[in-house]
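Peer 1: Provided herewith is a single structure, encoded as structure tokens, for subsequent inquiry.
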């Protein structure tokens, strides 16, 4: 072999240094770490945006943003897109998925290391495009749903919405490539003796999520491409004057959008299964039922999309079907909730930070699920659609659901990733500040919604002022908690104690706890053999 090949061959056998290690990285651990850092950064930005419009909504009068209501809508749009595509998906699916799936199945790395590299680096230009769009032609004030005619040229002349569309194209491509990589890795690179039904539930959750992404993301890509041609090339997919229909866009968007919310939460389900099993010192209750529940959630999630559209004039039969289908999703979700509770039942439970976040997740996600059952009624949704009741519902499942699972996973695995263990008391303080802050933010929104306050409005009658003030105070507390979390990370990296191979004791029995903390640059060069 010539000199360059030899250099490249040997280059992979020691840890590279400097910026090249990160920019050119094909190592699943480094890429996972970059995903997590990116997600924390994006989460702070998205959180600051939400704080801005919560300050606007703290009292009636529309004074904080100086009556710039387009800016208000741009902040709403950016907050949603950042939190979904640049915070929670990169953290749970990209970050923990990339870092821990190979470790949990005993694989040396991902199946396609270079594909892994571009999956991450596509997110950076996507994020820059989205941020840039806010400064062009007044920004995209469409909401993350991009409904025409508001997102058409009539509603948004200028390049802002086009930039947002390209941003979504890139982040969708990133997710699809990452999904292909993870599916091939899980199917082809498991250690000898590890059958599919011996994999940890986190790996199963990532596998189901990857299939959802591959099936859902291209539909979003198609819908926003049609919107792009409507805006720039004279097509009329969504313009009634040319025989198009704006409701078609809603069908296409939500055919992606509903699986998307399960894409967001399923990896979190997997993390919670690992954490609760570890700190209950018991195997998870109903392992195969848990897998079945995730698969059923993934499947049914694709056939209930129009429950987001109960007020657009669907036929009576469609309303009945989508109401019933949506309610059915509560069954596999209930299986998971009760299996987690059954895992804890009779266990020898300890309550470190990851366990607190997992139990907090179960409580809050259940509240979000109950309001979801209420909203699944098309008759009740006539009243509640596009009110703050809906905002409260999906933030209880995403902001208090998926986010709590991300924190649970972070505190569970941070010692393994960094080699430094955080002081548990700091994590517990973070949990309680977050728990109080997010509940103070979103619980009053149920009352506002039931009283009739619409979503996505910058000003409101004085009757709604009280609960809005409470909600805004909660947002401030939550933002403080997020900054406190960043402090904990830096404090731990500088002053944390060295983390042992297995800081959690006998309950932690998956493969990653057999490695050093942090794991070596290359792991499982000789595959482990799984017994039993």
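Any Cβ shown, glycine's included, is placed from N, Cα and C.
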Peer 1: Kindly point out the range from 163-183, 226-246 that Swiss-Prot annotates with transmembrane segment.
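Peer 2: Checked against Swiss-Prot: transmembrane segment maps to 163-183.
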Peer 1: Transmembrane segment per Swiss-Prot sits at which of 3-23, 318-338?
Peer 2: 318-338
Peer 1: Which residue range, 74-94, 452-472, is the one Swiss-Prot calls transmembrane segment?
Peer 2: 74-94
Peer 1: From the Cα of residue 308 (Cu cation binding site) across to the Cα of residue 393 (heme a3 binding site), what is the distance in angstrom?
Peer 2: 13
Peer 1: Would you find the one among the binding-site residues 79, 393 whose Cβ has the most company, meaning other Cβ atoms within 10 Å?
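Peer 2: Result of the Cβ crowding comparison: 393.
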Peer 1: Would the transmembrane segment (252-272) count as touching the transmembrane segment (118-138), i.e. at least 3 C-beta pairs under 8 angstroms with sequence separation of 6+?
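Peer 2: With fewer than 3 qualifying Cβ pairs, these stretches do not touch.
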Peer 1: Can you give me the same-chain residues 6 or more apart in sequence from residue 307 (Cu cation binding site) with a CB-CB distance under 8 Å?
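Peer 2: Result: 258, 322, 323, 325, 326, 375, 376, 378, 381.
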Peer 1: Hey, does the transmembrane segment (355-375) touch the transmembrane segment (431-451), meaning at least 3 C-beta pairs closer than 8 angstroms, sequence gap 6 or more?
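Peer 2: As far as Cβ distances go (cut-off 8 Å, pairs 6 or more apart), the transmembrane segment (431-451) and the transmembrane segment (355-375) touch.
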Peer 1: Please determine whether the transmembrane segment (355-375) and the transmembrane segment (252-272) are in contact (criterion: at least three Cβ-Cβ distances under 8 Å, sequence separation 6 or more).
Peer 2: yes
